[in-house]
Amino acid sequence: MELGRLEYLQALVTEFQVTDSTGNQRPCSLDLSVSSVSSHTRRFSLADAKEQVLANLANFAYDPSNYEYLRQLQVLDLFLDMLTEDNETLVEFAMGGLCNLCLDKTNKEYILEASGVEPIINCLSSSNEETVVSAVTTLMFLTTARSRAQTTALPVVECMLRFSLSANTRLSNLASIFLQDYCSPPQVEEARNLSKHTAVGIPLPKD
């Protein structure tokens, strides 16, 4: 990385911001490699410029040495803002970035103070498996004594019960851990009883 770490991350954020609402972008001078945050194989083009830059930012969120810089550049806010986008790929990468960041205590507190739990819960209804897995994992990491009432609210527990029955082993195992480690038996029982009388639930993500 020829540029300093902060300068490079700043360049990525700027590159993301200069992409206009039509998807057009100035030629990119950064080396934007395909993100390991997703298994997608994509060829870089102007049309997917925002996706590629966001994927790179999500990958940098793996490294704790970047946390201070990412907070300084307001990348946590950027990820939270992207959770409400119609573009499922942007949501996937943003959710993955938050998942990478929220093990850190300072980042966790920032996300909670920024009312980030609600949009993360909304991502449980995504048809994208990666988005859902990241959302479930992030809710685990964000669960504290103060936030537990929100991260394990009844609709969330109901959702985890459904996910635990999924044929998708990865998702069912993760949901089972959530139910066992983060929910009380009375919570699970209440959600199970309610689910018996509810015909419509959050749809399972596509395999």
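Note that Cβ sites are derived from N, Cα and C of the backbone, with glycine treated the same way.
Nobody curates TrEMBL annotations by hand; they come from automatic prediction.
The following features are taken from TrEMBL:
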- 74-116: repeat 'ARM' (REPEAT)
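Applying DSSP to the repeat 'ARM' (74-116) sorts its residues as follows: 31 helix, 0 strand, 12 coil. Residues 9, 13, 16, 35, 37-38, 40, 48, 50-51, 54-55, 57-58, 61-62, 64, 67, 122-123, 126-128, 130-131, 134-135, 137-138, 141-142, 144, 146-147 of the same chain lie 6+ residues outside the repeat 'ARM' (74-116) yet bring a C-beta within less than 8 angstroms of a C-beta in it.
The predicted model assigns the repeat 'ARM' (74-116) a mean pLDDT of 96.
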